[in-house]
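As given in TrEMBL:
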- 10-140: domain 'EamA' (DOMAIN)
- 149-284: domain 'EamA' (DOMAIN)
- 12-32: transmembrane segment (TRANSMEM)
- 38-57: transmembrane segment (TRANSMEM)
- 69-90: transmembrane segment (TRANSMEM)
- 96-116: transmembrane segment (TRANSMEM)
- 123-141: transmembrane segment (TRANSMEM)
- 153-172: transmembrane segment (TRANSMEM)
- 179-199: transmembrane segment (TRANSMEM)
- 211-232: transmembrane segment (TRANSMEM)
- 244-263: transmembrane segment (TRANSMEM)
- 269-291: transmembrane segment (TRANSMEM)
Amino acid sequence: MIKGLSGEAKAELLLFVLAMIWGGSFVAAKFSMTSFDPYYVCLLRYGLGFLVLWFLFPKERKKLDKPTLIGGLEVGILLGVGTAFQMVGLKYTTPANQTFIIVSYVITVPLLNYIITKVRPGGHILVAAVFTVIGVGFLTLGPGTGFNIGDGMTFIMALLFAFQILCIDHWMPKVTSSIMFTAAQFFAATVISIILFFINGRTMYTGEITAGAITGIIYIVILNTVVAYVIQNYAQRDASPDKSALIISSESLFGTFAAYFFAGESFPPKKIVGCVLILIGQFIAQVLPALKKMRRKRRAIDKV
């Protein structure tokens, strides 16, 4: 079935897998930070991620040319700085607020892409983005939520993530190895994480090391970092940055399900409405264009 899919369809399917993985990371991060300091988690995440890719794929190291290295370091700087803003912002805001603000990149990516490349986003993408943002609002926001300095830092992180998506889109056609491209990103992010870890005078542990925390670290390093970023870099060869941002934003939907099944969080009607709105957004972005293509093909066949 997958073999019969086009390159774009395969890329979009992989991005949905990526969204599922990142959705589970909210619960994994919650478990990991019961025992480990947040900055140390970042250091482990990118440091171990780099080592895994560097030593597990020795043949790929031969493909590490200048564009792959420079592009990877450039994206990695955005990744590392963005993560720093996310961690500091989380001190002053709630995870719910942060989830909602981060997903604003589904709107900023098409706008920034239009400013930089002059490629106008499709109307259905913008409509889908609006449905998605409103849906995430239903999933995450509640009474007493307001805008503070942490929200401002999170918005900067969302902008950096938007630039990261566009930067990947720019470099991927020139990259010879998506594995080494990802490894270079992790190297840059590791350096930034080390600097921030020591600047803040942090300790590695914040409490007793539990099985849940270890499981969370393994998930974050292997799935959420190594597997996820390789998927993102590979998939963005064929998927547009606008669609990439929109599909990845469904991580909030999968995160809600993960929190319900694995962290025991409630699932009130408001969250159900949010899930439905996000699904409508994905339907508008993915299914409607496919239906239009099918109709065009049928009309072309009928004319013949």
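First residue shown is number 1, and so on along the chain.
Glycine is treated like the rest: Cβ placed from N, Cα and C.
Taking every listed stretch (38-57, 69-90, 179-199, 211-232, 244-263) in turn, the largest tally of C-beta pairs under 8 A with the transmembrane segment (96-116) is reached by 244-263. Predicted-model confidence for the domain 'EamA' (149-284) is 86, expressed as mean pLDDT. Away from its own ends, the transmembrane segment (153-172) comes close to residues 67, 71-72, 74-75, 78-79, 81-83, 85-86, 88-90, 92-93, 97-98, 101-105, 108-109, 112-113, 116, 178, 181, 232-233, 236-237, 240-241, 244-245, 248 of its chain (Cβ-Cβ under 8 Å, at least six residues beyond either end). Beyond its flanks by at least six residues, the transmembrane segment (244-263) meets 12, 15-16, 18-20, 22-27, 30, 99, 103, 105-106, 109-110, 125, 128-129, 132, 135-136, 139-140, 162, 165, 169, 232, 235-236, 271, 274-275, 278-279, 281-282, 285-286 of its own chain at Cβ-Cβ distances under 8 Å. Each residue of the domain 'EamA' (149-284) gets a DSSP state, and the totals for helix, strand and coil are 109 helix, 1 strand, 26 coil. Listed stretches 12-32, 38-57, 69-90, 211-232 were compared with the transmembrane segment (179-199); the greatest number of C-beta pairs under 8 angstroms is found for 69-90. The transmembrane segment (12-32) and the transmembrane segment (211-232) are in contact, since at least 3 Cβ pairs between them lie under 8 Å (pairs 6 or more apart in sequence). Note on the transmembrane segment (38-57): residues 29, 32, 79-80, 83-84, 87, 90, 179-180, 182-183, 186-187, 189-190, 193-194, 196-197, 200, 202-205, 217, 220-222, 224-226, 229-230 of its chain, located 6 or more positions outside it, place their CB under 8 angstroms from a CB of the stretch. With a cut-off of 8 Å between Cβ atoms, the residues of this chain six or more beyond the transmembrane segment (69-90) that come close are 38-39, 42, 46, 98, 102, 149-154, 156-157, 160-161, 163-164, 167-168, 170-171, 174-175, 180-193, 196.
Across the domain 'EamA' (10-140), DSSP assigns 114 helix, 1 strand, 16 coil.
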